[in-house]
Amino acid sequence: MASLPFIFFLSFFIISTTLMSAGAAAATIKLSLSPFPHPSSSHPYQILNNLVTSSVARAHHLKHPKAKADNTTSSLLRAPLFSHSYGGYTISLKFGTPPQTLPFVMDTGSSLSWFPCTSRYLCSQCAFPNVDPAKIPTFAPKLSSSSKLVGCRNPKCSWLFGPDVESRCQDCEPTSENCTQTCPPYIIQYGLGSTAGLLLVENLAFPQKTFQDFLVGCSILSNRQPAGIAGFGRSAESIPSQLGLKKFSYCLVSRRFDDTGVSSNMLLETGSGSGDAKTPGLSYTPFYRNQVASNPVFKEFYYVTLRKILVGDKHVKVPYSYLVPGSDGNGGTIVDSGSTFTFMERPVFEVVSKEFEKQMGNYRRVREIENRSGLAPCFNTSGYTSIEIPELSFQFKGGAKMALPLVNYFSFDGDDKVVCLMIVSDNVVGQGSHSGPAIILGSFQQQNYYIEFDIANNRFGWAERSCA
C-alpha cells in the first residue's frame with residue numbers, strides 16, 4: 001500500500017481539482033440486500049477456504065482494531081439487499097446532486113461509509129469472481145454540485161480523528177482566521193482488506209427524503225474491496241447515527257456462494273420518538289455497551305450477552321470470561337454482518353466442536369476435506385440414508401433462544417457425502433490471543449432470519465423467516 005504522504009497528495013490533487021438540511025420529519029427507508037459470486041470453475045473447497053480465511057482475518061481485525069420518547073410519526077426508508085459469493089451483502093445508495101447510484105457492502109462492524117471515488121480509483125487484489133477491478137463503479141465528485149471536502153475545523157473531522165485533530169492541521173492554529181486546510185486522509189483496515197482517501201460531505205438521497213451534509217469517504221486506493229462500505233456501527237459517523245435511526249432491520253437471503261440476483265429489503269426507520277413497542281413475533285435480548293473496552297473502537301460494536309451454547313440438549317461449558325467482557329473489555333459476543341462465518345475463540349470453539357464430534361461419533365472424520373476447506377470438523381455421511389445432526393442453539397440474556405436451522409451451521413457437499421461445521425476459529429487457520437470479542441455472529445448464521453437492531457430501545461431482535 002502507498003505511504004500516507006502519497007495518499008494525501010494523490011487524493012488531494014484528484015479531488016481538489018474536481019470539487020469546489022435535511023427536514024426533521026421522521027421516515028422509513030427500504031434498501032435491497034444482495035450476495036457476490038464465484039465462477040462455476042472455482043472448486044467449492046477453495047471457495048470455502050477463501051471465505052474461512054477472510055472470516056478469521058476479519059475476526060482478528062475486529063478483536064485487535066486500531067483505535068481511533070413515545071409515539072411519533074416515523075417513516076421507513078427501503079433499499080434492496082443482495083448477497084454475493086465473496087461473502088458480503090450489498091445495498092444500493094444514491095449520493096450527490098444529481099444522485100449517483102453505487103453498491104455498498106452492508107457492515108454492522110464498522111461505522112464510516114465510503115465509496116470508490118474518481119476515475120483514478122485503484123483497487124489491488126480485487127479480481128473477485130464476477131468482479132472486474134477495472135469496472136468497479138466509482139463516484140465522480142466533479143459531477144455533483146453538493147460535494148465538499150471536509151475541513152480541519154469541521155466537527156465531523158474529529159469523528160474519525162478525535163478532538164485533537166486540529167493539532168495535525170498546521171494551517172488551522174487557533175489564531176488562524178481563514179483556515180482552508182482539509183481534514184487529514186484516512187486509512188481503514190478491514191481484516192484482509194483496506195482503503196484510503198479523503199472525507200467529503202455529500203447529499204444522501206432516498207425516494208422519500210434527502211439527507212444533506214452526510215459524512216462519507218472518497219476512497220482513492222483500496223485493497224481487496226470489491227465495493228464501498230455502508231457503515232452501520234455505533235459511532236458518530238455511522239449511517240444510523242447520521243440519519244438518526246430509531247431502528248434498522250434486514251433479512252439475509254439464503255446463499256450458497258453464488259450470485260443469484262435474489263434480494264430482500266433492508267428497512268431504516270427514522271424519527272425522534274422512542275416508542276418501546278416490540279415487533280410481533282421477534283425474540284429480543286438487550287445490547288451491551290462495552291464502555292470499559294481496552295480499545296475505544298470496541299465501543300462501536302453491537303454486543304449481546306450470550307448466556308449458553310447448546311449442542312442438541314447438551315449445555316457446553318464455555319468459560320465465563322469469554323461470554324461476558326471483563327474489566328479489560330475483552331470477551332463477549334458481537335453481531336457482525338461483515339463477517340461471513342461465525343468466529344469463536346479457540347477455547348469456545350473446542351468445547352463446541354468436541355461436543356459435535358461426541359454426538360456424531362458414528363460418522364468418520366474427513367481430515368483431507370478439513371485441510372482443503374479450512375473448516376472442521378467434517379464428517380463422511382456416505383452409506384447413510386438419513387443423517388442425524390444435533391441442533392445448535394444460542395441462548396441470550398433474558399432467556400431468548402436462537403435455534404439455528406441446520407443449513408445455517410452445517411454445509412453438505414452432495415458429491416463427497418461430507419458435511420462440515422460452518423463456524424471458524426484460530427485453530428483452523430492460525431492461533432490468536434484472548435483479546436476483543438470472543439464470539440462474532442456472522443452473516444452465514446443469520447441467513448433466513450429477520451434481524452432487527454432496535455437502537456431507540458437498545459435491543460437486538462430476531463425471528464426465523466424465509467427472506468427471499
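Cβ coordinates are placed from backbone N, Cα and C, and glycine is handled just like the others.
Just so you know, TrEMBL annotations are computer predictions that nobody has curated.
What TrEMBL says about this protein:
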ACT_SITE  D107  active site
ACT_SITE  D336  active site
DOMAIN    89-463  domain 'Peptidase A1'
SIGNAL    1-26  signal peptide
Confidence summary for the domain 'Peptidase A1' (89-463), mean pLDDT rounded: 90
CB contacts for D107 (active site) [other CB atoms within 10 A, all chains]: 25
All-chain count of other Cβ atoms within 10 Å of D336 (active site): 26
